[in-house]
Ligand SMILES: O=C(O)C1=C[C@@H](OP(=O)(O)O)[C@@H](O)[C@H](O)C1
Ligand SMILES: C=C(OP(=O)(O)O)C(=O)O
């Protein structure tokens, strides 16, 4: 059932709040714990629907996965190559990351699995993973256009490949590297633009050999050696910088605000939004920067700021790919034009995010232009009208972005369905209201 919400202008945001665990790292912690020999523990796991689906799938593939009373998770893995045939369809819900990474994992196991997801996931492109994984010996039977539902017939004798990514995608990179774990020899992915490296960092941490070298012609060549012995580890998941983006932008836009967000991941391949907001004049401080289980984290201190429009370089897109919707909201309150380019991938996320943002911002009274892969927001430095109801297309980031828009607009902003927020940020409304937001149920 749809869950409409409405967000009204907030007086001031203040206080400290811990945003939930990083979604990318949470998926990987469960997958690698399921592949490792012995016990792994995960603390700070994101308990959003996307990640809970991955937990259920790792159980379906033979691993022991349980939530302990203290909120941490314990896994007993099967060892590399030890996953077993799932007896039912793997339903990945709304999760592109869960679906694509798991397809990679099972592609080099000699059994057949069936994948499906919700209407959004069933519309997303999967050939980007099935093409390279076919070269490793797996077979795929899918709907027209290479979409879910899809059967993956894992390779009996997987063969290693060297593959250059045709799109900047950590999901595709990871799918191939994960297939490479149960494949003899060396599997290499070449990426011309660096994408998030959580798979590489965490695989190493679990004991795999992962080589990262400069690629001929530019970019990186990332190589895994097959049949590593992964052993159980304790993983501490940092707070998600993609989730922290929402209270951060809200605090920048609502006059007089100052908030603190402790323990947020600031991996440079994820921190593009923070760099961009600072370039726009935002007062964002990284306090107490430290290393947490191989990932850099910091406490974010954010103060309300006057923003100016800028050109966001296309090369920055992979380091902030999920943050363009909320950046577009920030740009709507800035003085001057913000040009965001290199955004073609936004069209194949949980929804067509370029179209959803352009339409939604226009409905809120913002002057926007959209091309195939750019979004241009003409800020005036004045507060946008708001006063609109936005279609979220079951996309969590669209829903949260427009609820932040309502916190700072002249009049409230409603979203037709906020249900999808549970996929990545289950306590979003409580956390925002705890800081001083006014988000409630809409008619
Ligand atoms: O690897 C990951 O965990 C992710 C990679 C990104 O997708 P792409 O690889 O499709 O860019 C991102 O949008 C997604 O939210 C999480
Ligand atoms: C694109 C996203 O996730 P996924 O691809 O895992 O569905 C996201 O969280 O913004």
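Just so it is clear, glycine is given a Cβ too, placed from its N, Cα and C backbone atoms.
Note that TrEMBL annotation is computational and uncurated.
Binding of phosphoenolpyruvate is attributed by TrEMBL to 23, 96, 124, 353, 397, and within the candidate set 171, 292, 372 the record adds 171 to that site.
Among the binding-site residues 28, 96, 322, 349, the residues whose Cβ sits under 6 Å from any atom of ligand 2 are 96, 322, 349. For the binding-site residues given as 23, 124, 353, 397, the lowest number of other CB atoms within 10 Å of the residue's CB is seen at 124.
The secondary structure of residue 23 (3-phosphoshikimate binding site), as reduced to three states from DSSP, is helical. Put simply, residue 397 (phosphoenolpyruvate binding site) is 8 Å from residue 322 (3-phosphoshikimate binding site) when counted between their Cα atoms.
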